[in-house]
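Visitor: One structure, pasted below without further comment.
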């Protein structure tokens with residue numbers, strides 16, 4: 001060393017830290033003896049400032065880096081030797097030293113310490129230029145986050161850092177199924193930073209892989225340093241045949257954070273003038289870069305994963321939007337789904353087959369969907385529509401599978417394919433394709449329900465080559481997936497020829513998600529078509545019903561010819577007998593009552609005639625809830641309005657009278673409880689007040705018929721007001737609502753809080769008037785009451801018969817086998833409902849007191865009959881005991 005050479009003194013002592021070093025002992029810079037080396041060591045230990053000054057001024061930076069790396073390697077080897085003898089060392093290199101990268105990747109304690117040592121060395125050894133390279137790599141992730149681009153940038157940084165003359169990057173082909181099991185057999189040479197996927201896949205017409213050293217590194221995942229003069233029998237294939245001036249090679253594995261091999265980096269130098277052989281410090285530097293580069297690669301993959309997930313989410317959102325927005329054309333809905341699926345997996349063609357379970361066949365309904373080269377993968381819907389589509393009229397196909405209409409549009413500029421149809425395919429119609437389940441690739445998927453990802457169609461025996469021979473289209477890769485609905489296969493979707501290679505596992509996952517929504521779209525299409533057909537049937541049925549359930553012209557001409565009577569004696573009496581006039585006379589009397597209350601200034605007589613006659617016709621011929629009952633209730637309401645003038649406003653009276661006349665339209669003779677228990681369609685539509693809602697809707701239906709709208713001359717505000725009160729009045733006839741209304745009114749009256757100026761209070765009185773009118777048969781003279789009870793119980797018995805037929809035990813008053821229960825049932829009915837109703841009504845509207853009076857008289861008669869029956873039963877029991 002220079003400070004030990006040429007001393008002017010023959011003897012010199014430094015710091016008293018050791019013996020003097022004699023002159024001339026080590027002029028050549030090397031220790032001539034262990035004693036001299038010890039003297040130098042002692043001196044340097046005592047004078048670290050001198051050592052530091054010497055290193056900073058005289059030693060080259062590269063030499064310092066080499067010393068630091070060797071120190072790091074020595075420390076690491078010492079730690080690894082301390083491990084148990086049974087531990088496996090996967091980091092040995094070809095020439096016997098440990099591979100730093102393998103330690104960084106492994107998960108044991110030594111690996112963690114090795115990583116920490118590597119990072120520490122990085123902080124002190126790598127100069128600013130190398131840090132700048134890593135900064136550039138990080139910035140490039142934002143603009144070019146693709147995995148291959150990140151690997152290329154990282155390789156370029158490592159090549160510059162170690163002073164290599166050049167490098168080759170061999171990327172593991174992720175498209176191959178066995179790429180992680182045998183990565184050494186699936187290496188592809190990266191052609192450069194501007195490479196496209198097609199160039200990346202093929203170079204000069206054939207896939208180009210590395211030599212035996214590269215494959216060795218890929219297989220064992222260990223670094224290799226090779227020099228031309230070192231004859232290694234393991235590498236029979238000379239790695240530098242193409243470039244004879246290459247003398248030195250450093251080959252490093254590039255491993256991802258998940259432990260999978262991403263690529264192999266091959267660094268080379270031409271000769272000693274270019275830096276000589278690669279040393280362990282070069283390997284350490286490259287390993288340091290790989291540590292940070294692995295982090296960059298990991299986040300690049302995360303970024304790409306998020307991009308793909310966003311794309312998939314956007315796709316699914318677009319599908320859902322199409323399902324709910326494009327209700328007009330189901331064909332267009334399915335085409336959009338298929339076109340987007342093509343973009344999702346980068347396929348050239350898409351096919352859709354549906355399963356015919358009856359004939360055990362697959363048939364092509366929407367097949368060979370593609371886009372032309374100019375407008376490929378555009379997001380513009382108009383441009384996308386200009387692509388080639390061979391599609392069936394999907395709505396027709398779903399409704400009637402035997403009839404198919406194919407619409408041909410925009411033939412493709414290049415040879416098209418129908419699909420991978422088997423040779424047994426048939427044409428049921430001119431353009432419909434059918435073939436048996438289990439034949440061909442699509443048939444196999446439909447039969448087994450398994451996903452088929454075929455990287456080479458011609459190598460698969462299930463593929464039918466005849467189709468390609470006929471069409472001139474070359475099928476290379478196929479991704480075929482079943483479509484499930486409720487666990488059953490309803491169709492098969494098939495993607496053909498991925499533009500950027502073969503279909504990957506990521507494509508399978510995305511395509512599987514698509515298949516779920518495609519199934520949803522198909523199911524939705526069937527439901528939508530079914531709804532449309534049901535709607536058409538409903539319109540036809542409504543038209544037929546309207547024709548048969550509206551008054552005929554003869555009936556209208558007869559009523560208008562005879563005229564409506566101006567006055568009918570006794571019609572304004574609460575005790576009017578509805579049984580003494582026929583149904584036609586009842587209709588005329590109903591018109592007469594309407595005209596008497598409201599006049600014809602705001603109403604058309606012809607509309608009134610048609611409306612009343614049609615209402616009569618829409619009451620069913622059931623024992624009690626028939627036209628007679630409807631007329632009787634309207635008559636009682638007429639009496640309340642007539643006898644209590646100025647209590648209700650005109651439009652309130654209009655709603656109350658029409659509500660009374662129509663309150664039981666289309667009644668089936670069964671109560672709401674029966675409808676709910678028998679799961680009637682009406683009960684499914686109306687969960688509460690089932691029949692009452694139906695009566696109101698029937699009223700609206702009649703009003704909507706041509707020439708029947710008696711409210712046509714009302715203003716818009718009046719029309720809404722009347723319809724609102726009309727609904728309120730009809731729903732009020734549900735006895736389930738009577739009890740809370742009665743309690744509310746009783747409380748208001750008892751507390752003297754009732755006011756006719758309160759709209760809520762007026763509605764309660766209107767509801768009470770509707771209930772009182774509906775129950776008015778109990779307030780008729782006894783002969784009318786007795787006759788009415790007979791028909792009421794006949795209707796009850798019919799419901800009881802229906803319940804018994806359904807396996808249910810009817811209640812006693814509906815049991816035909818217990819006729820003696822009639823008087824007791826009437827006593828309970830009048831006591832619990834009728835008397836309380838008429839009592840509170842008489843307090844609020846005194847003019848209705850005759851209803852309460854006659855109801856009380858009828859209650860007394862029913863109580864007498866009840867006592868008679870009890871006495872008869874008692875006498876019969878005594879006679880039985882005597883015998």
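The backbone N, Cα and C atoms fix where each Cβ goes, and this holds for glycine too.
Curation plays no part in TrEMBL annotations; they are all automatic predictions.
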Visitor: Which of these ranges is annotated region 'Disordered' in TrEMBL: 365-384, 385-404, 405-424?
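Guide: Here TrEMBL associates region 'Disordered' with the stretch 405-424.
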Visitor: In TrEMBL, one of 824-851, 852-879 is tagged coiled coil. Which stretch would that be?
Guide: 852-879
Visitor: Of the candidates 629, 693, 694, 708, which does TrEMBL annotate as part of the Zn(2+) 1 site that also includes 663, 664, 774?
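Guide: For the Zn(2+) 1 site that includes 663, 664, 774, TrEMBL also lists 629.
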Visitor: Around the Cβ of residue 626 (AMP binding site), how many other Cβ atoms lie within 10 Å? Please give the count over every shown protein chain.
Guide: 19
Visitor: List the residues of the same chain that sit at least 6 positions away from residue 826 (AMP binding site) in sequence and have their Cβ under 8 Å from its Cβ, in sequence order, or write 'none'.
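Guide: Non-local contacts for residue 826 (AMP binding site): 789, 862.
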Visitor: In DSSP terms, helix, strand or coil for residue 664 (AMP binding site)?
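Guide: DSSP call for residue 664 (AMP binding site): coil, neither helix nor strand.
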Visitor: Measure from the Cα of residue 625 (active site, proton donor) to the Cα of every one of the binding-site residues 663, 664, 774, then give the nearest.
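Guide: Looking at Cα distances from residue 625 (active site, proton donor), the smallest one goes to 664.
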Visitor: Take the C-alpha atoms of residue 626 (AMP binding site) and residue 663 (Zn(2+) 1 binding site) and report the distance between them in angstrom, rounded.
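Guide: The Cα atom of residue 626 (AMP binding site) is 11 Å away from the Cα atom of residue 663 (Zn(2+) 1 binding site).
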Visitor: With every protein chain in view, what's the tally of Cβ atoms within 10 Å of the Cβ of residue 625 (active site, proton donor), excluding that atom itself?
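Guide: Neighbour count, Cβ to Cβ under the 10 Å cut-off: 24.
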Visitor: Could you check what DSSP calls residue 774 (AMP binding site) once collapsed to helix, strand or coil?
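Guide: Reduced to three states, the DSSP call for residue 774 (AMP binding site) is helix.
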Visitor: Judged by the number of other CB atoms within 10 angstroms, which among 664, 774 is the least packed of the binding-site residues?
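Guide: Counting other Cβ atoms within 10 Å of each of the binding-site residues 664, 774 gives the minimum at 774.
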Visitor: Would you find the one among the binding-site residues 627, 628, 629, 663 whose Cβ has the most company, meaning other Cβ atoms within 10 Å?
Guide: 663
Visitor: Using an 8 Å cut-off from the Cβ centroid of 629, 663, 664, 774, can you name the remaining same-chain residues around the Zn(2+) 1 site, in sequence order?
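Guide: After dropping the recorded site residues, what remains is 625, 630, 633, 660, 667, 733.
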